[in-house]
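Marked as domain 'Sodium/calcium exchanger membrane region' by TrEMBL: 12-130, 195-342. Residues or ranges marked as transmembrane segment in TrEMBL: 12-35, 47-71, 77-100, 112-133, 139-160, 192-212, 224-242, 254-275, 295-313, 325-347.
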Amino acid sequence: MPVSLESLPLPWSIGLFCACALIIGVVGTRLTHVVDDLADRTGLGEAIAGALLLGATTSLSGSVLSIAASLEGQAELAVSNAVGGIAVQTLFLTVADMFLRRVNLEHAAASIGNMMQGSLLVCMLGLILVGTFSPEWTFWSVHPITPILVVAYIYGLHIVDKAQAAPMWQPARTRETREDVPDEEAQQRSLVSLWFAFLTMALILGVSGWLLQRSATVISQETGLGQVAVGVLLTSVTTSLPELVTSVAAVRRGALTLAVGGIIGGNAYDTLFTAMSDVAYRQGSVYHAVSDETLLWVAISMVMTGVLIMGLIRREKHGPGYIGFESMTIIGLYVAGVVMVIFGGAASG
């Protein structure tokens, strides 16, 4: 007789959660090599490949989780998983920064593509807030801001691509600057085999995200943790493990633009989790079904992204602890947000 995943005992659910986390981490490690080679073979470049391929695919487990949660009416889990993922993935850039000891990552990986994608991300997060504070209008239970988010993302990527193809200005080159130069070995790899590996790993990440949502629901119910706490502190961190692994792996490979572009591009894509969740959420507008705790993380993510863009523009070579001022600020913002979720949630409960 088949056993429902929702009826699993808590220890089994925790075990399933950890197993999925391990799978996501291992697949994410391999994925960065495939995407880096695809960037060279297709001519997309690391910044765009980071957004379209690495960012979207490593986010696949998170998007599946948010959609599955919305279909079951768990709006808080769906949206907090999305915005919590954006925050923790930005935090992961500080970890990758620590692996580049000779100079700050934001200095070496500065590119117009990454800065444009960061600006797009701020706009997308702002649109989510606009949807939240706008009238609760829906058409077939979909809020008008949802199609606007999708159009804004597609048009934003078009602008990023044009800015890279014909830049009106470029970051000043220094000895530490690493430009996106195609790898000669990647040119020898079969494009068919690269795409096959890419799609296979994307499927694995998607299934892992679905299983994570099931186990996270049990953990939330059995432990008494709220959906926001589970979304921000558990599922978003777990589904973001590929971004941590791939950004560190990309830095160690010397693909610095890919490391930053994968995070920022993935974050911009992750804002679409909210749009997907709104379509899947049949009780009305998902933007109006979330609490102030979730909206707090939207605001924190906006500030973290703004600080990151400032770091890419300032391009500080060295800072405290081998990381720049922006990395220190991002760490402080994330820790403050976690403290507010834990103690704020306890106080409100």
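Note that Cβ sites are derived from N, Cα and C of the backbone, with glycine treated the same way.
A contact between the transmembrane segment (139-160) and the transmembrane segment (254-275) is present, since 3 or more of their C-beta pairs, 6 or more residues apart, lie under 8 Å. Counting only same-chain residues 6+ beyond the ends of the transmembrane segment (224-242), those with a CB under 8 A from a CB of the stretch are 17, 20-21, 24-25, 27-28, 31, 58-59, 61-62, 65, 74, 76-85, 87-89, 92, 205, 209, 212-213, 216, 291, 293-294, 297, 337-338, 341-342, 345, 349. Highest Cβ contact count with the transmembrane segment (254-275) among the listed stretches 12-35, 77-100, 112-133, 192-212, 295-313 falls to 77-100 (criterion: pairs under 8 Å). Relative to the transmembrane segment (112-133), the listed stretch 295-313 leads the set 77-100, 192-212, 295-313 in CB pairs under 8 A. When Cβ-Cβ distances below 8 Å are used as the criterion, the transmembrane segment (12-35) is approached by residues 5, 49-50, 53-54, 57-58, 61, 194, 197-198, 201, 204-205, 208-209, 211-212, 214-216, 218-219, 222, 234, 238-239, 241-246, 249-250, 253, 255, 258, 262 of the same chain, each at least six residues removed from its ends. Broken down with DSSP, the domain 'Sodium/calcium exchanger membrane region' (195-342) shows 126 helix, 0 strand, 22 coil.
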